[in-house]
Amino acid sequence: AEPCSIYQSSPKLFASTKKRDIKTMEAYDKRKHSVGGTTLHTCHPCRRAVPYRIYGVIHTCGILALMYHHVNSLLTADTTLITSLLLFSDVILAFMWATSASLRFNPVHRSEYPEMYAAKPKQDFPKLDVFICTANPYKEPPMMVVNTALSAMAYDYPSDKISVYVSDDGGSSLTLFALMEAAKFSKRWLPYCKNNNFQDRSPEVYFSSKSHTWNDEADNLKMMYEDMKSRVEHVVDSGKVETEYITCDQFRGVFDLWTQKFTRQEHPTIIQVLQNSETDVDDSGKYIMPNLIYVSREKSKVSPHHFKAGALNTLLRVSGVMTNSPVILTLDCDMYSNDPTTPVRALCYLNLTDPKIKSGLGFVQFPQKFQGVRENDIYACEYKRLFDINMIGFDGLMGPNHVGTGCFFNRRVFYGPPSNMISAQIDELNPNRIADKSIEAKDVLELAHNVAGCSYEYNTNWGSKMGFRYGSLVEDYYTGYMLHCEGWRSVFCSPKRAAFCGDVPKSLIDVVSQQKRWAIGLLEVSISRYSPLTFGIKSMGILMGIGYCQYAFWAFWSIPLIVYGVLPQLALLYGVSVFPKSSDPWFWLYIFLFFGAYAQDLLDFVLEGGTYGGWWNDQRMWMIRGFTSFFFGSIEFTLKTLNLSTHGFNLTSKANGDDEQGKRYEKEIFDFGPPSSMFLPLTAAAIVNLFAFVWGTYGFFIWGERLVLELMLASFAAVNCLPIYEAMMLRNDAGKLPKRASLSAGILTFALIVSGYFFLK
């Protein structure tokens, strides 16, 4: 067992945690991989792994003792319902702690050496297909898509081997027009990037930066970019592409497809080659241009389209017909490339000339990073735990999960397990085929239109055994999970300079709405025949399966968070004790488990580059999600399961908010956005905790040690709720909590306190 190797063939490698397995893991302090005598990457186990394992044993003993205390109280106490709720909450907390402990068992860090791979002859570099998905030109501005596409086209990589496919699931002529403008601009932009060898290949980022040296060429390029930007934004504002704006005659005809019958839900397939590496060169005639292809799949109201997973599978088939590159990069439209050497970094692992990698490694996942995030990240939008801490834990097992963007895939991974390839319906879609025809050949384009049809997937394996998987709103999590279950491995690559950067939401409602959608999608996986708790453990082993449970059962966090956020506080208001008093030995068990878990979480956060303020905001946002995203996600999932409602894919807006919203974010002031019922339980819980804290502080001198834990919990919650109190009572700006929401929360608080009287008394 080699913990840092990416070539293990058995998906159950870490199913056992016997002593001999642990000793074997510890024996590998460092591993390097070489090809032809050249070291391409190394792997280092984290030093904190062994102390974490020791603490894990101690913490587990504490949890077992707590369970014994609950069961004993259940048999002897009068407040059976209260004890049962606390027991149920602690069982969930224990399970969720176990999921995080499995990812602390063998965390690793990797280093790669792209300069070594870059020394290879350029003809040995594999072809690369880049998939960029967009769906709405108003929530995802076309200029954002343009910058992402241009940053990928400008990679330090042979241009004739790059093909950029943009999937426009909204079927918008505005997006197509923007990409036509991008194709023209790229003939000046790409040579400029390669001649000057700078790292910011997104024009918007480059021209807004103050760190670059300016010259006449840069000034001219900036003028060209601003002119392109103004034309695109004018077209978006007007909502249509005027004839005078179409300057290229060969593309005029395609806009005739947008007739009155053309809608987002009902339209034919559109595939437009905007740039062809076989015929297009830059304005100087020196550089070959990469392929740029616009794809809008056929849509019909009577055919399911499977949201983003369906769009990606269409790109898989269209690209398979046109270029069939062995390496695929998936990007969100707002996630521009921040490092031109990123493909070469990925190939340090995904070296397809190595038979061991070719047969076992499915994908290389880069972390999501975000521009403009404040140091303390008030909304916890960097997802430090999701994109950094958990990733290195997964990487020490079978590898990280797919997170939807910034991922380099081996095309073969979408065609069944490593040892049993599933053949496509037609030879042109098989992953090992070499595409040797022009992408503009008539028969190639006809077949590409055919495989992009809305009925093509009927009675096929697409979405079940092939391609990106259907059945969940979180297609990235579900696809990565199923690939691991099939036996594929993955690698986490996290260079010092972020490989990809995107934008973060600037209001709380956008954050919790996005995570509500994630919670619903994850529940679709957890409550299914492919649950990580059953199918996952059986397929991947206990550590990997339990690790995947941390995401799958996200929504279950709402139960202990609501119970511990309301029940002890109501008990404090009525002087009823639900926890041991400070002179009771069990009191110290609660203290140990609480501070131990929080201290370990803080240590993880800081060691992976976070700040103390960022950690505090991260744990506060976790509580907020419990009362909003997780709670309402659970309700919506339950209603959908009972066929009482349906939910769709609500696209998160990536358009920049107003200036005032940006200023509030810079000052680290919560912006609650437009009125929403999602904040009602959160605000009511905040009021209950404030009342409990005030009354408990007064009552402390009367009750003494009897309600110390209840008061500590109310105090901790009240401190976390300070931004909510400020938004309710001290602010008058547009981002405060609406008065209607505060009033409704007050009524709900009154109802909770009254019901608490009958419940506790």
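Cβ from N, Cα, C; glycine included.
Note: TrEMBL annotation is automatic and uncurated.
What TrEMBL says about this protein:
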TRANSMEM  52-69  transmembrane segment
TRANSMEM  81-103  transmembrane segment
TRANSMEM  548-567  transmembrane segment
TRANSMEM  587-607  transmembrane segment
TRANSMEM  679-701  transmembrane segment
TRANSMEM  707-729  transmembrane segment
TRANSMEM  741-760  transmembrane segment
Q.
Test of understanding: applying the rule of at least three C-beta pairs under 8 Å (pairs 6 or more apart in sequence), is the transmembrane segment (52-69) touching the transmembrane segment (548-567)?
A. no
Listed stretches 52-69, 81-103, 679-701, 707-729, 741-760 vs the transmembrane segment (587-607), most Cβ pairs under 8 Å: range 52-69
Near the transmembrane segment (707-729) in space but 6 or more residues beyond its ends, with Cβ under 8 Å, are 378, 564-565, 568-569, 571-572, 575, 577-582, 587, 590, 619-620, 623, 669-670, 672, 682-683, 685-686, 689-690, 692-693, 696-697, 699-700, 735-737, 742
Other same-chain positions with a Cβ less than 8 Å from the transmembrane segment (52-69) and lying at least 6 residues past its termini are 22, 87, 90-91, 94, 97, 101, 104-105, 586, 589-590, 592-593, 596-597, 600
